[in-house]
Amino acid sequence: MAKAKLERTKPHMNIGTIGHIDHGKTTLTAAITKVLHDRYPELNKATPFDKIDKAPEEKARGITISIAHVEYQTEKRHYAHVDCPGHADYVKNMITGAAQMDGAILVVAATDGPMPQTKEHVLLARQVGVPYIVVALNKADMVDDEEILELVELEVRELLSAQEFPGDDLPVVRVSALKALEGDEKWADSIIELMNAVDENIPEPPRDTDKPFLMPIEDVFSITGRGTVVTGRIERGVVKVNEQVDIIGIKSEKTTTTVTSIEMFNKMLDEGHAGDNAALLLRGIKREQVERGQCIIKPGTTTPHTEFEAQVYILSKDEGGRHTPFFNNYRPQFYFRTTDVTGVVNLPEGTEMVMPGDNTEMTVQLIQPIAMEEGLKFAIREGGRTVGAGRVTKILK
């Protein structure tokens, strides 16, 4: 077994537990760490329940969220797992993406079946782009009637299908987190079965370097005799010297140019990768043709838009947000990547106003186009102060 220590090549995945309050998300998280620790002691340490339950508060863009992070390994993979103690913490985490999830374990108590927060979490998972779900039907030891278990399973599958997840096909594993924590061998096996389902059914996400090149522009300056240089952190993909790129966003027309040189820390590079803070020299571009807030992209891979639907969390007064509600036609700034753009908010029918601390859907019309795709995160600001955070759920124009 000593060999396992040396394996650093395991794929790394981010997952989390979602579901209704008191259905056993935190107990399940603790049970996973315990059972994997018992089976693979040299790979895992057990994290006790109370340590997960008293999750530290984090600030993501000024929003206070309690999140517990645990890590563990199966034979195949290394997992970072997030669990939020409170319902509001989930909503905030999912909308702001404070902890990104490549997949989720939906915990449903067999004794209750799907409850209101089960639905809300699944809806949010769909909207914010959590791509895969595996179901843990928890407290299965407390239901003796096989028919009831089958009915609850059917209900969960229907709920998932209604939100466009493959409800008929995804795995539903019957577990008892509490019994597994107490050391019951049969139910410990159910946790292993659950993790096998996660290993097999939550695929690895594409790596950032495999996605098409995109770099938000942070700064622009001209170097005498050489031309115009733009700097920024490459968000995804790879760019090579002498490749053609498009500059899009903010202005109505795109600009096409060639990257003639790439530098990082004043050293010349042949290519820039996702995560690099790079300076790109652009051929035939004048200083005034580009500005902060635009994006440099692989031609044709992303388009600028002005109108979209979003799921948004509005900061509470305690988090430094607004003290008063806002109404239809609210006009704050929307901060995308590196810049603010003013937009007009349209609230969904039946929503008169939005209070600080609420989450809501909205439609936004920006006064300038921004390079965007579904899932893009933004902050809502008033005079430089963050009052909300959101994600694009659908592009309209």
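The backbone N, Cα and C atoms fix where each Cβ goes, glycine too.
As the structure is a computational prediction, the values presented were derived from the model and not from experiment.
Listed in Swiss-Prot:
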BINDING   19-26, 83-87, 138-141  GTP binding site
BINDING   Thr26  Mg(2+) binding site
DOMAIN    10-206  domain 'tr-type G'
REGION    19-26  region 'G1'
REGION    62-66  region 'G2'
REGION    83-86  region 'G3'
REGION    138-141  region 'G4'
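Features per Swiss-Prot, on structure.
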residue	record	DSSP (3 states)
Gly19	GTP binding site	strand
Lys25	GTP binding site	helix
Cys84	GTP binding site	coil
Ala140	GTP binding site	helix
| Of Cys84, His87, Ala140, which binding-site residues come within 10 Å of Thr26 (Mg(2+) binding site), going by C-alpha to C-alpha distance? | Cys84
| query | Per DSSP, how many helix, strand and coil residues does the region 'G2' (62-66) have? | reply | 0 helix, 4 strand, 1 coil
| query | Which Cβ among the binding-site residues (Cys84, Ala140) has the fewest C-beta neighbours inside 10 Å? | reply | Ala140
| task | Pick out which of the binding-site residues Lys25, His87 has the most other Cβ atoms within 10 Å of its own Cβ. | result | Lys25
| query | Name the residues of the same chain, 6+ apart in sequence, whose Cβ is under 8 Å from the Cβ of Asp22 (GTP binding site)? | reply | Ala109
| note | Cβ-Cβ distance under 8 Å, sequence separation of 6 or more, same chain as Gly19 (GTP binding site); the residues meeting this, in order, are Lys25, Leu106, Val107, Val108, Gln117, Thr118, His121
| message | Can you give me the average pLDDT across the region 'G2' (62-66), rounded to a whole number? | response | 78
